[in-house]
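Enquirer: TrEMBL lists 363 with the feature active site, proton acceptor. Annotation comment: TrEMBL describes 9-12, 23, 73, 78-79, 140, 155, 170, 228, 333, 351, 366, 377 as UDP-N-acetyl-alpha-D-glucosamine binding site. According to TrEMBL, the feature Mg(2+) binding site maps to 103, 228. Annotation comment: TrEMBL describes 386, 387, 405, 423, 440 as acetyl-CoA binding site. Feature annotation from TrEMBL assigns domain 'Nucleotidyl transferase' to 6-220. Among the features that TrEMBL reports, region 'Pyrophosphorylase' is placed at 1-230. For 231-251, the entry in TrEMBL reads region 'Linker'. Look at TrEMBL and you will find 252-466 tagged as region 'N-acetyltransferase'.
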Ligand code: UD1
Ligand code: CA
């Protein structure tokens, strides 16, 4: 088996992005571009992966962690110079080296694997991955001789008129014989319009040395899209979005309007789940089978079990157990844990709270720092008063209890099983099982008071005059 190495070029700043964030860290469907590249490379059973970092080196290393080794390119003198920085880590090894850029997020593991195979089958020292672009502007052009053999790669800024008309482009992905690569890199110069050491110049060097240079042309240009500015970023995101969405549809998920459904790369969805337009599923969200996710819901890093209904709601770091439902217009905040078949209605906010099986929190309620048992009814407009201005306090409510509408439950407080809170109560003391707490001012009826009410008085006078 030939050893396989990879070098990811990720040292550039990406001036054309006009951003504080380093180019390769811009996310595409929830994941930084360079991480997409790494993930697809990893699937090819690599012996070593080296990422060349420079601008934002620390941030890039934080993002990719120990999945790759790093080499620093302190000054960005071009892609050829960048690859040379990996020499101390890889230079003396036998094997094949794949090179990819951190700003081409759409390449698939399959394409990389095909490139390795093609490279081996041609017995080449270098194989460039090419594609046909309708609009090749900005890419390096593949210049072939009359026999169709690749002679050189010419960068956009160095093209003459004839070369500029060539539609076959360099995707920025290559496979090299590892030792030959570093040998040739020492021979390139920066004698070009950008004054940079171009990796692409090694092709011409191999040609001159009479070594076999090959080109593997891929069918789908969109996969090779390089992101240099925000327009390309949005185009790459659109391609990635459709790729993700089609995969879910193939797996049995109904997307009513896939163009307008935004699902991050790592999200998982079970079959027969229906997702309406405008939904955003982000981060590491996992959704079960037979769920319904209604229009414009946004779900971040949450777990949704089977048969759950989410209607126009916003969920972050929450869990909804099977057959529960929420919405419209409710908010689950971190550590909201909604029990089996529980009902969270409209305008309800839940934070760091467990809602037990079959419990109903129907309307206009805040539940924070609380543990609610099963089969409880929480009336409209209830507030779990959890914060005293300094600390948060916890409330427990036992099974089968009833909280009347408009109650304030001032934590910390224990409400036992089968307890009853009368509507409008402000609860500050614990309630025992089978008791009712009523904690509100007594109603006083003032005889004839209405007639003293100034507006009413005026109305009565006016009526008399008619
Ligand atoms: C490069 C190729 C071009 C190809 C295109 C495909 C060269 C000379 N040109 O052009 O033929 O069509 O990709 O997308 O290779 N980088 C470094 N250090 C540097 C310079 C760049 O690490 O000194 C990294 C960048 O972070 C980026 C990648 O290399 O991830 C490509 O650099 P970029 O400047 O975007 O090259 P292009 O002009 O797109
Ligand atoms: Ca680029």
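Glycine residues also receive a Cβ, built from the backbone N, Cα and C atoms like all the rest.
Keep in mind the model is a prediction, meaning the values are calculated, not measured.
Please go over these features one by one and say how buried each is and what sits next to it.
Expert: Its Cβ placed at the centre, residue 363 (active site, proton acceptor) has 17 other Cβ atoms within 10 Å.
In three-state terms derived from DSSP, residue 170 (UDP-N-acetyl-alpha-D-glucosamine binding site) belongs to an extended strand segment. Here the Cβ of residue 170 (UDP-N-acetyl-alpha-D-glucosamine binding site) has 25 other Cβ atoms within 10 Å, regardless of which shown protein chain they belong to.
Long-range Cβ neighbours of residue 103 (Mg(2+) binding site) (same chain, at least 6 residues apart, Cβ-Cβ under 8 Å): 10, 12, 14, 23, 24, 33, 34, 226, 227, 228.
Counting only residues at least six positions away in the same chain, the Cβ atoms of 379, 404, 405, 406, 407 sit under 8 Å from the Cβ of residue 423 (acetyl-CoA binding site).
Mean per-residue pLDDT, taken over the region 'Pyrophosphorylase' (1-230), amounts to 96.
A Cβ distance under 8 Å defines the sequence-distant neighbours of the region 'Linker' (231-251), meaning residues of its chain 6+ beyond its ends; these are 17, 26, 28-29, 33, 36, 105-106, 222-223, 225, 258-259, 261-265, 267, 269, 271.
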Enquirer: Any of the recorded positions 333, 363, 387, 423 with a C-beta atom under 6 A from ligand 1? Give them in order, or none.
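Expert: Going through 333, 363, 387, 423 in sequence order, none turns out to be close to ligand 1.
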Enquirer: Quick one: of the binding-site residues 78, 103, 140, 170, 228, flag those whose CB is under 6 Å from ligand 2, and say none if nothing qualifies.
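Expert: Among 78, 103, 140, 170, 228, near ligand 2: 103, 228.
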Enquirer: Going by a 10 angstroms cut-off between Cβ atoms, which of the binding-site residues 228, 386, 405 has the sparsest surroundings?
Expert: 228
Enquirer: State the three-class DSSP label for residue 440 (acetyl-CoA binding site), counting H, G and I as helix, E and B as strand, and everything else as coil.
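Expert: Reduced to three states, the DSSP call for residue 440 (acetyl-CoA binding site) is coil.
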Enquirer: Taking DSSP three-state, what's residue 366 (UDP-N-acetyl-alpha-D-glucosamine binding site) in: helix, strand or coil?
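Expert: Once the DSSP labels are grouped into three classes, residue 366 (UDP-N-acetyl-alpha-D-glucosamine binding site) ends up as strand.
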Enquirer: Hey, what's the widest CA-to-CA gap across 386, 387, 405, 423, 440, the acetyl-CoA contacts in the record, in Å?
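Expert: Comparing all Cα pairs, the maximum is 22 Å.
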